[in-house]
Amino acid sequence: MLAKAEQTHRAYEDCNELAGPLTTPRTAQHPVVFRHVGGAWRRVVLSLLIGLNFLTGVVFVGWLLLPEHIPGGGDAAPGDWRVIVARVAFCFVVLVEAVRMLQNFAVWVFAWKARDPVPMVPEPRLRIAMLTTIVPAKEPIDVVERSLKAMQRVRYDGQVDIWILDEGDDPRVKAMARRLGVNHFSRKGRPEFNQEHGAFRAKTKSGNHNAWRATHEHVYDVVAQMDPDHVPMPSFLERTLGYFRDPDVAFVVAPQVYGNMYDNWVVHGASVQQYLFSGLIERGGNGLDAPLLIGTNHLYRPLAWALIDGYQDSIIEDHLTSMVVMGAKNPLTDRRWRGVYTPDVVAIGEGPTSWTDYFNQQKRWAYGVWEILLRKAKPSLARLSMGQRLCYGLVQSYYPSVALSAVSGIVATGTYLTLGINAATIEWRLWLGLWGASMGSWAILWLWLRRYNLARHERREIGVHGMLLALFAVPVYAAAGLAALARRPLAYAVTAKGRLRSGDGLRTFRTHAVWALVGAALLVTSALLRYDSIALRFWALLSVVVGVLPPLMAYAAYLRRRGVEEPEEDPVTAGLVVTIRATAASGMAIDDLPTVHGFPAVPHAGLPIQHKQKSPA
């Protein structure tokens, strides 16, 4: 496992200059230049594959819409409630396929518009602040210390101040900051920076950053911030600061990659899900003049943030902030602010390693998108260009469309399996063939799109882990959508890091339990009432699998960990290990311990061990 982690880090370090060599502009201020990702032939092949997938999808949907497949034909009374219910369910079936075609259209747009910026040499002697945050109860101090030390190794010909923004005002964090020689800030105990709503909302990442902004931001030209688990490379500033030569650049954002992707199955899947976003969607955002701000690591211009009152009050503050800032104007040029996404990997982070942390992360993202769409998108979208609206519309459609597809499938399935009302009168073998052709063309497209992935190991991987994990997250997306529609507030939750990761328990999978029970109930009811449909029973069975597999996988992983962490104790050595640990904790000399032949006294990692001082002869 350690060898794989080292290989992953080296692979991402090799992605540090994907945008190309640094160029020296002729003037201090120079607009950012973009170039296409791949040549014209790549876009031609892309269009052909998208066209094939679209064609198979249209044929399948067109076949579904044939008159003989629509419920209520023949002698059925138009006002019969069974006909009405069947037609509503039929619409849900068609909707599922329409959503998938919309998602493929989004892929085509982002791939067609994908562009990389031409990197520039940074302007020297700027005043830079590099920030990271810590919530001591959720994020280990040693993880943050590792990132702070890496910040101190970042190269730049100018002033670089390093800050730790401590939500707990923890004495241990203060001591670490003094020892490393970095600046410490905390808003704890300051009511003006801990409000129920707004820029300084308590217990939120945006509120923490905005509190620091209010007191320190004005003395800096550029602020770089990253999550505490993200370790910057020495070239972090060299590869990003040059884009601020363009006076209209408000922020620069870099890929979010996970160095611990092989730690377990969950984080592997979460890493794979980032491939398409970092390799394709963000690059397409460049082409649409709408790259998305990512909170894990980015840089921003304080003037731009000051004009919009900083990070926006949202559970996904980075996404809403990028929408708002790109709708605002630079008072110095009277042009809109813009963002830049660089494919250069300049920091390596850690992904969620437990089901609890992954589902919390996904629920926060999904809920945040719903919240923006329902209550905050209209004023922001009105100030964006058509390309930017298209970009945000396509990105924001993902979570609602997945939830809508899942719920639609359940409704259509339940309508027939419980009431015997068929959503569509079809021959299942032909249905399977046409649906299989549509999914097969999608699989070919998916495999071809791997060439947009950033690292070599990403381009080699098929992506099964990510697909399955996305499938397992479907109940979470549906629950997030229902919560947002019901206006039930969702508290901001920090994704726990390192050894403080959240444990998996029954509460983790309560949504999945409901999902599985619904699918199982449909199967049992259809069997009792003899309402048989292979296609619809397959959908119900899939719901059961989605609900049951995650807790089973979590339990299997728990058993494996317990087998590794709790080996059978040897009656001879067990007492010695306890004695050594107790001795180390008490500060006694290890030389006083009794010697057991064949078992050297090796201290537990990290504990201070004292040895007797030998008297001079």
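First residue shown is number 1, and so on along the chain.
Glycine is no exception: its Cβ is also placed from the backbone N, Cα and C atoms.
Taken from TrEMBL, the feature transmembrane segment covers 44-66, 86-111, 398-418, 430-450, 462-486, 513-531, 538-558.
Packing against the transmembrane segment (538-558) from elsewhere in the chain are residues 264-265, 355, 409-410, 412-413, 417, 471-472, 474-475, 504, 508-509, 512-520, 522-523, 526: each is 6 or more residues past its ends and has a CB under 8 Å from a CB in it. The stretch in 44-66, 86-111, 398-418, 430-450, 513-531 that contributes the largest number of Cβ pairs under 8 Å to the transmembrane segment (462-486) is 398-418.
Remote same-chain residues near the transmembrane segment (513-531) are listed as 410, 413-414, 416-420, 474-475, 478, 537, 540-544, 546-548, 551 (criterion: CB distance under 8 Å, separation of at least six residues from the stretch ends).
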